[in-house]
Amino acid sequence: MRVDEFLKERNINVGDFVRITKEEDGEEVTYEGYIMPPYELSAGDTLVLKLENGYNIGIALEKIRRIEVLERAKVKPEVHFEALIEGKPGLPEVTIIGTGGTIASRIDYETGAVYPAFTAEELAKAVPEIFEVANVKPKLLFNIFSEDMKPKHWVKIAHEVAKALNSGDYGVVVAHGTDTMGYTAAALSFMLRNLGKPVVLVGAQRSSDRPSSDAAMNLICSVRMATSEVAEVMVVMHGETGDTYCLAHRGTKVRKMHTSRRDAFRSINDVPIAKIWPNGEIEFLRKDYRKRSDEEVEVDDKIEEKVALVKVYPGISSEIIDFLVDKGYKGIVIEGTGLGHTPNDIIPSIERAVEEGVAVCMTSQCIYGRVNLNVYSTGRKLLKAGVIPCEDMLPETAYVKLMWVLGHTQNLEEVRKMMLTNYAGEITPYTRFDTYLR
């Protein structure tokens with residue numbers, strides 16, 4: 001039996017508050033919560049119940065012994081948000097570009113429903129506070145998981161951002177899944193030339209139907225940062241585990257450093273640009289950010305997609321490098337050990353790659369610190385083989401940058417010059433010890 005049939009037979013509706021008794025390990029266990037609508041990936045014979053603590057559980061229909069309705073779903077009168085949506089004179093205009101995820105959705109605990117938010121009215125229902133900061137214009141560009149994001153999506157986002165900024169918007173927010181947000185932030189940092197206004201990427205670590213969700217505060221802070229004087233690509237996410245402030249990170253220096261913590265995003269080898277409080281207070285943590293200007297944004301979207309990111313590990317085979325060369329890859333970014341090393345027995349394959357015109361760049365899997373190939377003999381051999389040391393660039397940033405560089409030239413000397421040119425703050429001029437694990 002399917003969930004819809006099960007509920008219909010018992011005159012139970014989505015949003016009803018129920019008590020379910022089920023069999024579990026030979027004993028009866030009772031749960032109370034709201035009946036949730038089935039979603040795309042849920043099993044047809046599993047009932048989803050939202051507990052009062054905000055978490056969802058799935059209960060197989062065959063395990064249910066009793067179900068009773070404690071309270072019927074409340075039917076709310078239709079609420080309109082025209083006043084918010086129409087905007088207020090004098091407020092700046094900010095476009096929010098949606099690419100996927102649940103950053104702007106909110107649970108209605110009286111009905112059990114989750115509101116996805118990407119029309120203006122849905123955004124007003126979910127996070128009305130942002131309409132007090134700016135006249136918000138939402139646009140859903142596409143709706144994909146961030147792990148499915150490809151370079152072609154970066155290009156589309158870049159063009160949509162430039163279109164909004166060049167049409168008069170004060171700033172742009174890009175709502176994005178967190179898993180690959182750092183890659184997209186780096187790509188936009190290189191593609192958006194002459195940037196004169198803020199571009200803010202924002203996501204949520206906790207889904208919006210959980211009481212610990214960070215979605216609303218992140219979105220509020222991101223809109224506030226989009227109206228600031230900072231003309232850079234930034235990532236705005238929780239600055240610590242509580243709901244006190246968010247941090248604005250430079251798009252080329254930010255990395256997701258935890259699978260689930262709300263403050264998972266950190267600036268690496270650098271300090272964040274600013275702290276943002278939901279009430280509008282902004283504390284700038286550095287002065288060397290690009291300032292707002294009237295320049296027209298240009299999109300430089302020439303990229304070479306045949307670039308690989310390879311992590312060194314004990315026992316790595318030179319066949320991996322050979323395979324990439326034989327398959328026509330134009331660039332390889334290596335996450336080396338320590339200061340930027342590889343086993344000696346794969347250096348001949350790296351040398352062959354360079355001889356055949358493949359750009360090989362070195363980063364460190366330590367994440368913190370700087371590549372230095374002059375300290376040990378292995379590093380000096382890699383330099384002699386033609387490897388380009390990427391200073392303190394994040395591996396993900398170096399990967400995106402090499403794509404962008406190879407889109408402009410495949411002359412290895414020119415590639416070297418461009419990889420070592422600091423275009424968007426991706427290279428810190430000196431090693432900062434005060435940024436380690438902060």
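Residue numbering: from 1, along the chain as shown.
Cβ coordinates are placed from backbone N, Cα and C, and glycine is handled just like the others.
Just so it is clear, the model here is predicted, and its values are computed rather than measured.
Here Swiss-Prot flags 92-422 as domain 'Asparaginase/glutaminase'. The feature active site is assigned by Swiss-Prot to T102, T178, D179, K256, with sequence analysis given as support.
Residues belonging to the domain 'Asparaginase/glutaminase' (92-422) score a mean pLDDT of 93 in the model.
Annotation for K256 (active site): spatial neighbours T178, D179, M181, G182, A264, F265, criterion Cβ-Cβ under 8 Å with sequence separation of six or more. Counting Cβ atoms from all protein chains shown, D179 (active site) has 16 others lying within 10 Å of its own Cβ.
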